[in-house]
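**Student:** This is the structure, below, for whatever I ask next.
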Amino acid sequence: MAFCTSLGVMMETQLYIGIMSGTSMDGADAVLVRMDGGKWLGAEGHAFTPYPDRLRRKLLDLQDTGTDELHRSRMLSQELSRLYAQTAAELLCSQNLAPCDITALGCHGQTVRHAPEHGYSIQLADLPLLAELTRIFTVGDFRSRDLAAGGQGAPLVPAFHEALFRDDRETRVVLNIGGIANISVLPPGAPAFGFDTGPGNMLMDAWTQAHWQLPYDKNGAKAAQGNILPQLLGRLLAHPYFSQPHPKSTGRELFALNWLETYLDGGENRYDVLRTLSRFTAQTVCDAVSHAAADARQMYICGGGIRNPVLMADLAECFGTRVSLHSTAELNLDPQWVEAAAFAWLAACWINRIPGSPHKATGASKPCILGAGYYY
């Protein structure tokens, strides 16, 4: 497939944009990806737009049942799509590109409800508006098709991780630490699979916001001042989600701040609770990998959690010498770019009619072409 550049030059490879805003709700990442049909060639640029505090509060409010939810969700979808369009425009400008240079834009949207047990997952984005604002063919609503085929609708990234990061000689694990942590297991000679291991940054961020009025614990500075509370850690690890077989997925519906508070007596040191939450994330990841990929010796990490040295130290301590920890940067993809790049890749799969569904990870009955497309 060829496309025209702003200078009218015909190119044989294609450019895609992926836009992702995750459960941390900190902002929107956009990544520029070059493809040759369904073949990945590389990521070439990135832009990030932080969420204004007001927008973030509105999104968090929508996590809980309340009045006028339908109207609020539609208005927020429009506001988000304007922010996504701004992020895409900044990315194009930074790369000296025009909208006609882009074959398609893949947009995940902002998850506000994830209920696979009821067959739905809600990501806010006004996709026709986004196509109109960007003047780029837009693909979105990626999770619904997998859910319709009986899957969890999550995680969607194992197929992308498989396409980029598989090693033909040994099992690799890819760990994404966003608000929720998820793993992709890439065994040689067998289909990839994966699942949500539990909270990633979500509880740590929520605790930091509640007790220090900061968006997150930068560089793990607050957690580093605390000590692990063994009894609290044990109670958190006893949650039945962690003993459920995969495929499985989770979200704020299960692991919110009010859930954590049911395990507290109110007298705990705030630094100690935060330190315990870091170990909680690390231990649940370690337990999941030990159960699902006991032969894995390498784990590649992406997502915002990689910037937290306390969490990284906890992971290293939990795994010991059994598994070596690496950044996806060692596999030529910046750890902050991976998730957004995945949705550019899924848009390319849609354009080329390639199933992008990791049905072995989600539990869907068959591979599916994910998403719906909107012309501008």
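Cβ coordinates are placed from backbone N, Cα and C, and glycine is handled just like the others.
These numbers come from a predicted model, not from an experiment.
Look at Swiss-Prot and you will find GLY22, THR23, SER24, MET25, ASP26, GLY27, ALA28, ASP29 tagged as ATP binding site, backed by sequence analysis.
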**Student:** Per residue, counting other C-beta atoms within 10 angstroms of the C-beta, which of the binding-site residues GLY22, GLY27 reaches the highest number?
**Tutor:** GLY22
**Student:** Sequence gap of 6 or more, Cβ distance under 8 Å: name the residues on the same chain that satisfy this around ALA28 (ATP binding site), in order along the sequence.
**Tutor:** ILE19, MET20, SER21, PHE48, THR49, TYR51, LEU80, LEU83, TYR84, THR87
**Student:** Enumerate the residues of the same chain, GLY22, THR23, SER24, MET25, ASP26, GLY27, ALA28, ASP29 excluded, that satisfy the criterion Cβ within 8 A of the mean position of the Cβ atoms of the recorded ATP site; list them in sequence order.
**Tutor:** MET20, SER21, TYR51, GLN110, GLY178, GLY179, GLY304
**Student:** Just checking, which of ASP26, ASP29 (binding-site residues) has the fewest C-beta atoms within 10 Å of its C-beta?
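**Tutor:** Relative to the other binding-site residues in ASP26, ASP29, ASP26 has the fewest Cβ atoms within 10 Å.
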